[in-house]
Ligand SMILES: O=C(O)CCC(=O)C1=CC=C[C@@H](O)[C@@H]1C(=O)O
Ligand SMILES: [Mg+2]
């Protein structure tokens, strides 16, 4: 659903309603310890624009489209009022696994990061083994390699990890062609493959489904251009989906929860529990997992928290320029 010309905010409207923030993380995740984000006071609700700082303007444009859609336009009907979420376990030391999982009360599913460049396969196996020990035999475990393996490495790593009973392996290899080859090689193991970067960073998010490269799609509202656009993509793919966050603040998580609430069939727990990875948030009532789920609702920004976590003048100016450049691309 594209914003209409009438309701689409101009650059000045966006900048006037923007709050640039820098939030500390509770635990290092994908190499960062603070999360920079912009939240807008939209006329419909608070909304978020938080492409990672290294993303270029072309990639960031989809995230801005999503922010505008959610704050100014989005009215999708929802089918459920709470979303079951997974615990997200960064590539931490084995000794820290239990305390990370404790941040996600009631979550029966854990997603474990693997294939971190500075670590070995033994580290991955030990981390997954520890997650299995803490969750017990009924827990569900998925791993996410963020495209860090080639096909041979993926085949061997999955064979070593499969005895821990994997729900799926997310983005084991970087390219769609590699995923196709890997899927053919490991079919006998019965471990499904999920695509994440091959959906959210691809020029054509449906290429992976057309190629038969994955069994499951990971969909994220911001990188796919918003709730409506993500729903179109997942419907066209015909594949089961997992809705996930982009390490958003609770505002971006409310967008993800709304997307998850509108998905016709939602069989997997969603990666929307990540407020638990933040050491601070922007609302007095954050979307933290309770009993393994988060509610589907809008988020009320706290002026005091916006002020406390306001980014420096230099970073604020950087984000304002990014918004201005990115908005010109829409
Ligand atoms: O899916 C989850 O459990 C949480 C979200 C998550 O893992 C991610 C969020 C943001 C950036 C990514 O590196 C990462 C992912 O790859 O899925
Ligand atoms: Mg992923």
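Each residue, glycine too, has its Cβ placed from N, Cα and C.
Just so it is clear, the model here is predicted, and its values are computed rather than measured.
A simple way to gauge crowding: the CB of residue 113 (active site, proton donor) has 21 other CB atoms within 10 angstroms, across all the protein chains here. According to TrEMBL, the active site, proton donor annotation covers 113.
Reduced to three states, the DSSP call for residue 220 (active site, proton acceptor) is coil. Contacts of residue 220 (active site, proton acceptor) defined by a Cβ separation under 8 A and a same-chain sequence distance of 6+ are given as 196, 200, 230, 243, 244, 245, 246, 256, in order along the sequence. The annotation active site, proton acceptor is assigned in TrEMBL to 220.
Here TrEMBL flags 144, 170, 196 as Mg(2+) binding site. Classification of residue 170 (Mg(2+) binding site) by DSSP places it within a strand.
Annotation source TrEMBL lists domain 'Mandelate racemase/muconate lactonizing enzyme C-terminal' at 90-189. On the 0 to 100 pLDDT scale, the model's mean across the domain 'Mandelate racemase/muconate lactonizing enzyme C-terminal' (90-189) is 98.
Residues from the recorded positions list (113, 196, 220) with a C-beta closer than 6 Å to any atom of ligand 1: 196. Taking only the Cα positions, the spacing between residue 113 (active site, proton donor) and residue 144 (Mg(2+) binding site) is 5 angstrom. Taking Cβ-Cβ distances under 8 Å and a sequence gap of 6 or more within the same chain, the neighbours of residue 170 (Mg(2+) binding site) are 111, 142, 143, 144, 145, 146, 194, 195, 196, 218.
Among the recorded positions 113, 170, 196, 220, residues whose Cβ is positioned under 6 Å from ligand 2 are identified as 170, 196. In the three-state DSSP reading, residue 196 (Mg(2+) binding site) counts as coil. The Cβ neighbour count for residue 196 (Mg(2+) binding site), using a 10 Å radius over every protein chain in view, is 24.
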